[in-house]
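Written out below as structure tokens is the structure these notes cover.
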Amino acid sequence: MLYSILQIIAFQALFLLIYDIFLKRETFFNYNRAYLIITSVLALVLPFLKFPQLKTMTTEDMVIHLPEVFIGTKTPTAYNIQTAELAGIILEEPPTPLWKIIAVTGIVIASLIFLIKITKLYWLKHTNPRRWKGNILIVNLIKSSAAFSFFNTIFLGELISESEKPTIYEHELVHIKEFHTVDLLFFEVLRIVFWFNPLVYIYQNRIKELHEYIADAKAVKQSGKTDYYTSLLNQVLDVKQVSFTNTFFNKSLIKKRIVMLQKSKSKQLHLLKYALLIPLVFGMLIYTSTEVRAQQNKEEKEQVVGQEVTDEALIVKYYNELVAMQKAGSDFNELFKFAGFSENSLEKYLLSKEEFLKMHAFRLYISDSYVQKTSEDSTLNQEDFDYSEFMKESRYKNYTEYKAYKNTKAAKKDWELNTQDGILKLFVEDLANKTAQEEAKFNGLLKQLESDSYFKKLVVTDGTQTFTIDSYISNNTSKIIQEVEEHIEVPFSVVEESPTLPECEDLESNFERKNCMNKFVNKHIGKNFNTSVGDNLSPGRKRVFVQFKIDTDGSVKDIVARGPSPMLEEEAKRVIATLPKFIPGKQKGKAVIVPFSIPIVFQVASKGIDTTNVDETKNLKEALYNSSNKSNKKELVEFLKEEIKKLEKDIERSEAVPFSEVEVAPIHPDCESLSNTIELKDCLAHAINKLVGKKFNTDLANSLGLPAGKKRIFTQFIIDKSGNVTNIVARGPHPKLEEETIRVLKLLPKFRPATQEGEVVAVSYALPIVFQIHDIKKD
């Protein structure tokens with residue numbers, strides 16, 4: 001908003017500059033009047049007009065990134081990921097910025113002053129003698145020499161001589177017929193809103209001058225120039241002016257009015273000066289259409305002088321910018337570009353700190369959007385929570401850790417192996433001085449770029465400098481093809497015929513064969529992976545990222561694994577090595593090497609009782625008994641009771657109908673008078689949101705020492721067949737907040753149960769709760 005206000009002031013200054021230099025001295029009074037009114041409106045509108053077509057007329061990126069050199073033509077990449085609009089219950093909004101408080105205070109004071117002026121005019125109108133002359137009301141001001149008009153009312157002081165009243169009357173009558181009062185009131189409103197902007201006052205003064213010139217030019221025809229000059233010069237100038245009335249006797253204007261009356265009419269050729277408005281407005285449109293979007297959130301950059309902005313604060317800032325961009329109507333490509341996903345993002349080896357934090361904020365945004373979407377559909381479940389948490393997780397705690405990893409051999413190898421979108425990659429230690437081994441590898445990739453149409457470019461970097469080769473033609477094409485065909489690698493996601501198994505080979509489409517292959521690998525890992533090797537790790541969810549290649553003969557090779565411990569990595573390699581021989585993948589009818597990657601996720605239990613390897617068909621009690629300490633039967637029984645309760649809750653959840661799909665929703669006591677299905681659902685949602693907003697203890701979050709920023713608690717509960725709220729689950733940034741959420745939801749009243757096809761059913765309901773933690777600074 002501040003940035004838009006600054007733009008409005010800058011545009012007004014430019015318009016006034018053109019007026020004062022080129023137009024002010026011309027006698028085209030009505031044209032000048034139109035210019036001032038139109039430009040004042042344009043200055044308000046132009047900052048919010050953005051034409052994407054104009055972006056192509058200027059450079060899209062004003063930052064030149066050196067020392068990258070691109071050879072050939074870049075191929076644009078399209079992204080089409082859909083995200084849901086972030087919504088939820090906002091329990092507390094951030095504090096209003098100081099500048100907004102000052103601005104609103106000024107508007108209130110300016111409005112009061114305006115009302116006082118209006119009241120004063122009506123007081124003069126009703127406390128002085130008045131008479132009608134046609135449709136014009138003439139008010140005779142007692143003991144005054146003032147003369148002015150307001151709409152269809154002319155105020156004339158009784159001290160004005162009778163000989164001059166006709167001339168003044170004709171002058172003020174012009175103001176009424178030309179609707180000059182409307183012009184002045186328009187600028188009076190601008191003065192209220194932009195009370196701090198001196199240019200609005202200048203605009204109003206310029207328009208008042210023009211009004212007098214217009215009225216003088218017409219009135220002088222009635223009485224002649226000599227008498228008119230006399231009436232201007234022989235008055236006692238004790239007039240108290242009102243900013244939105246047309247005053248006849250204005251001391252500062254009299255000299256200008258006389259000069260303008262004596263001035264010869266401007267030549268018609270001078271009308272071309274108004275054409276200056278066209279390039280000026282066009283330039284402003286180009287500027288507003290290509291401005292840097294980050295300026296829209298300039299107010300968020302106002303930090304305490306000398307205070308370093310933390311990574312956490314920057315992530316929150318970028319997250320809020322993504323939300324604001326989507327709400328402002330930005331398309332998906334703009335969101336992705338803001339987050340760093342561009343046509344060359346896959347080519348870049350090392351991200352800047354800003355790019356790294358923006359991508360982290362984007363992951364959080366996508367994660368929250370996903371949960372929000374499933375919440376709105378009332379299909380939110382534990383798997384959705386887990387998937388959301390998985391999307392949020394980053395391999396690196398901070399940018400320093402990310403840079404440290406990028407200096408490792410594993411990072412360089414990973415980057416080279418990612419040949420997505422047909423991009424070959426090579427990392428060298430020194431781009432200017434490649435070793436013999438690097439040179440040989442470089443030449444091999446050049447040959448691969450030439451021989452395989454899938455690959456579009458080769459990117460070579462040493463981490464600081466990068467160059468790209470888009471095409472390559474050697475002197476001996478046939479030899480190159482023969483040498484390269486043996487080690488072509490095509491990613492699993494794009495290979496024309498994916499590696500598969502005999503039982504999947506007969507499936508019709510490559511998409512189905514890929515799914516069959518994925519399911520087999522996942523099932524094989526789930527069956528053979530020994531999670532007990534991670535028992536010595538801290539409790540929680542663990543991940544091992546595995547990459548391997550399926551060779552041209554169908555065998556598995558080049559297995560790479562990374563995880564929280566070397567033992568887990570070795571276990572992952574062992575399991576992948578036991579995969580059977582596949583039917584190899586093919587590209588253009590020839591067998592190729594296909595890289596394959598998969599994350600292995602499992603849970604390290606926090607209790608001594610291990611149930612992770614229990615077969616689904618086993619009796620739970622027997623499994624618990626066998627895996628527990630038999631000397632502690634009491635603990636076993638208690639644990640078994642808890643597991644049975646969990647199973648019962650899971651069964652109830654699985655039988656519950658999502659709120660968005662139920663035919664007749666549960667009815668809140670406050671909604672019993674309604675009968676329409678949609679209204680009932682809206683009423684229930686409103687009642688729940690109102691209760692949470694009223695009862696949730698927002699002070700609790702600030703007392704827990706959590707970092708400042710927007711926080712979310714995702715909740716789900718069941719309204720059972722009796723209408724009671726059960727199975728409340730809450731996931732948030734702190735256990736105390738989860739407890740508070742559960743406490744509040746337990747305050748919900750008993751509902752009238754939902755029905756589906758005439759039968760009473762349980763309904764699952766999901767609810768996101770959003771609140772703000774402020775950064776409280778202490779001296």
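Using N, Cα and C of the backbone, Cβ positions are placed for all residues, glycine too.
Record features, source TrEMBL:
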| type | residues | note |
| --- | --- | --- |
| COILED | 630-657 | coiled coil |
| DOMAIN | 41-261 | domain 'Peptidase M56' |
| DOMAIN | 543-603 | domain 'TonB C-terminal' |
| DOMAIN | 714-772 | domain 'TonB C-terminal' |
| TRANSMEM | 6-22 | transmembrane segment |
| TRANSMEM | 34-52 | transmembrane segment |
| TRANSMEM | 98-116 | transmembrane segment |
| TRANSMEM | 137-156 | transmembrane segment |
| TRANSMEM | 184-203 | transmembrane segment |
| TRANSMEM | 271-288 | transmembrane segment |
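Tallying C-beta pairs under 8 angstroms between the transmembrane segment (34-52) and each of 6-22, 98-116, 137-156, 271-288 places 6-22 first.
Residue counts for the domain 'TonB C-terminal' (714-772) under DSSP (helix as H, G, I; strand as E, B; rest coil) come to 11 helix, 30 strand, 18 coil. Across all of the domain 'TonB C-terminal' (543-603), the predicted model scores a mean pLDDT of 86. Contact between the transmembrane segment (271-288) and the transmembrane segment (6-22) holds: at least three of their C-beta pairs are under 8 Å, each pair 6 or more apart in sequence. Same-chain neighbours of the transmembrane segment (98-116): 2, 188, 191-193, 195-196, 299, counting only residues six or more beyond its ends whose CB sits under 8 Å from a CB of the stretch.
In the domain 'TonB C-terminal' (543-603), the DSSP tally of helix, strand and coil residues is 12 helix, 33 strand, 16 coil. Tertiary neighbourhood of the transmembrane segment (6-22): same-chain residues 32, 35-36, 39-40, 42-44, 46-47, 194, 197, 199-200, 202-203, 206, 273, 276-277, 280, 284, 288, selected by CB-CB distance under 8 Å and a gap of 6+ residues from either end.
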